[in-house]
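**Student:** One structure, as structure tokens, below. Some questions next.
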Amino acid sequence: QLQSKILILTVCAAGIGGTFQYGYNISIINAPTLYIQRFMNQTWLERTGVPLGSNVVLLLWSLTVSAYPLGGLSGAVAAGPMAIMLGRKMSLLVNNIFVITAAVLSGFSQMARSFEMIMLSRFLTGMNAGVSMNIQPMYLAESAPKKLRGVVALTSASFTALGLVLGQVVGLRELLGGEESWPLLLASNAVPALIQLMALPWLPESPRYLLIDRGDRESCISALQKLRGSSDLRAELEEMLAEQAAAKGQRAKKPWELIRNPAVRWQLTSIVVLSSAMQLCGNDSMYFYAAYVFQEAGIPQDIIPYVVIGTGSCELITSVTCNMIIDYAGRRLLLLGGYILMAGWAVVFMVALSQQTQISWMPYLSMACIFAYILSFGIGPAGVTGVLPTEVFDQMSRPAAYMICGSLLWFNLFLVGTAFPFIVKSLGHFCYVPFLVVCICTALYIGFFLPETKGKSFLEISEEFKKRNFRAQSHGAFYKGPKEMESTTL
């Protein structure tokens, strides 16, 4: 009982200052948009005596918003070396420096009459999210027993969704979303960071990191005893020792070494496809349309912020549901089902948007599509994508894999955020066609090429991928033709 409580506390302590911050900080910036833009204009007027043009205000706001994914990209790149040098747990603790500094900057920005402080704070907040999005799933999956690995690692997605919903709630004008209180709203992300700093130091480091990376068997056994108790350590320790023996003499890989290594070709292709699809599938763009669709459905303007909370709640409900079924249904089925459903709802949504003004009940169908699309995303792609790099890569390759995975995630978030307004302008009601293509292509890749990892040890998964990676070479081994021709064989 005590051991299961320690595992639950480890999950909660890592999550509250980890991926929770990603969802929370995406959410809280929406409520004070107009107030911050007004503050930028007033500050410039006080400095120069000349007000800013509407286009310049929009440009400054775009820079403020884009600072978050750019910071996330920097954090994702820094996460790999941090995980190797500092360890998983210490990296999460050190990572709080970024968000606490960001909270101080944004909290005092109005007092200092500096909108530049808000821009810098958003960059630092992004760095915090970039590090935690990579290291938290790695830390939790390495700390969990094999039968609970999917459930435990998937809590990262649940904390993201929880952060999203709480950010929407705290951003209501009755709480911190008013004109006077927006600096407090932006600085409120210091609270989860302080909770993590108080709780996480008392909990164990990843046993796999202690044994395989640091070679500290005693600390590994101590961490395992805290997490599991003393009854069933032998089998798990033997599996870790086998993985340590397989990694003997190796050092932690760099991202470019993974790219050049034919032994991890399929693993790398899989995480590149799935990490890119997670942002290119159009889920975040549904939030862009939510307010417009709700307004067309006749929902009063002052009620819309409360209805939008429902969209975030959908993602939370499905990520918790996914948590409960992942180790029964498997990773592959949840991913495949999620992308197929999203493709179907994208078609219905585009039809509903095109008929929005012609048929009276179409806005309600559009509303249903928004909720259904977010539910389909939450049931598989939202959570399972973050678990896979831990499962399909060995201990020496895992940090570099997360660097690649995280960099793609943040780059594509920036790309979609920048390109989506232009896609809407050029394609109109059919703006979801690019996202539909992404969902169909990803579903086909999962159906034909992605193996199931449910209930398998890290070594078993590694062996399965090794067979796939070297299948072409093994077929080529029987060829006895001329050397000149053999050298041109792909």
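Each Cβ is built from the backbone N, Cα and C atoms, and glycine gets one as well.
What TrEMBL records for this protein is below:
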TRANSMEM  6-24  transmembrane segment
DOMAIN    11-454  domain 'Major facilitator superfamily (MFS) profile'
TRANSMEM  67-86  transmembrane segment
TRANSMEM  93-112  transmembrane segment
TRANSMEM  118-139  transmembrane segment
TRANSMEM  151-170  transmembrane segment
TRANSMEM  182-203  transmembrane segment
TRANSMEM  333-353  transmembrane segment
TRANSMEM  365-388  transmembrane segment
TRANSMEM  400-424  transmembrane segment
TRANSMEM  430-450  transmembrane segment
**Student:** Select the range from 67-86, 93-112, 182-203, 365-388, 400-424 that forms the most Cβ-Cβ pairs under 8 Å with the transmembrane segment (6-24).
**Tutor:** 182-203
**Student:** What else in the chain is close to the transmembrane segment (333-353), if you only count residues 6 or more beyond its ends and a Cβ gap under 8 Å?
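**Tutor:** Tertiary neighbours of the transmembrane segment (333-353) are 274, 277, 281-283, 322, 325-326, 362-363, 365-366, 369-370, 372-373, 376-377, 379-382, 384-385, 429-433, 435-436, 439-440, 442-443, 446-447, 450.
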**Student:** Which residues of the chain, 6 or more past the ends of the transmembrane segment (93-112), have a CB below 8 A from one of its CBs?
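**Tutor:** Apart from its flanks, the transmembrane segment (93-112) reaches 17, 21, 39, 75, 82, 86, 118, 120-122, 124-125, 127-128, 131-132, 135, 182-184, 186-190, 193-194, 196-197, 200-201.
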**Student:** May I ask which of the stretches 151-170, 400-424, 430-450 has the most CB pairs under 8 A with the transmembrane segment (365-388)?
**Tutor:** 151-170
